[in-house]
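A.B. asks: So Swiss-Prot has the following annotated:
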BINDING   Cys10, Cys13, Cys29, Cys33  Zn(2+) binding site
Amino acid sequence: MENEIITVACPTCGSAVIWGEQSPYRPFCSKRCQLIDLGEWANEEKRIASDATHSDSEEWSEVDDR
């Protein structure tokens with residue numbers, strides 16, 4: 001089973017991608033798909049779901065001026 005070829009779907013376009021050294025952008029099929037995904041995260045079109053009911057800023061503490 002060492003030589004088993006693992007194939008995954010590109011998260012952006014769905015193309016088949018071989019999971020190995022020959023696919024430098026894995027799990028993406030290309031640099032283009034990788035950058036599209038990065039842009040979606042940067043524009044907050046994608047986010048990690050949370051059950052938090054408060055703002056993250058509520059947990060921030062003031063900087064201690066020593």
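Placement of Cβ uses the backbone N, Cα and C atoms for every residue, glycine included.
Keep in mind the model is a prediction, meaning the values are calculated, not measured.
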A.B. asks: Can you give me the same-chain residues 6 or more apart in sequence from Cys10 (Zn(2+) binding site) with a CB-CB distance under 8 Å?
C.D. replies: Ala16, Val17, Pro27, Phe28, Cys29, Ser30, Cys33
A.B. asks: Within 8 Å of the Cβ centre of Cys10, Cys13, Cys29, Cys33, which other residues of the chain have their Cβ, at the recorded Zn(2+) site?
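C.D. replies: Once Cys10, Cys13, Cys29, Cys33 are set aside, the remaining close residues are Pro11, Thr12, Gly14, Ser15, Val17, Phe28, Ser30, Arg32.
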A.B. asks: Specify the secondary structure state of Cys10 (Zn(2+) binding site) as given by DSSP, simplified to three classes.
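C.D. replies: Once the DSSP labels are grouped into three classes, Cys10 (Zn(2+) binding site) ends up as coil.
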A.B. asks: Tell me, if you would, which residue among Cys13, Cys29, Cys33 (binding-site residues) has the fewest other CB atoms within 10 Å in the structure shown?
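C.D. replies: Checked Cys13, Cys29, Cys33; of these binding-site residues, fewest Cβ neighbours within 10 Å: Cys13.
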A.B. asks: Please state whether DSSP places Cys29 (Zn(2+) binding site) in a helix, a strand or coil.
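C.D. replies: Its secondary structure by DSSP: coil.
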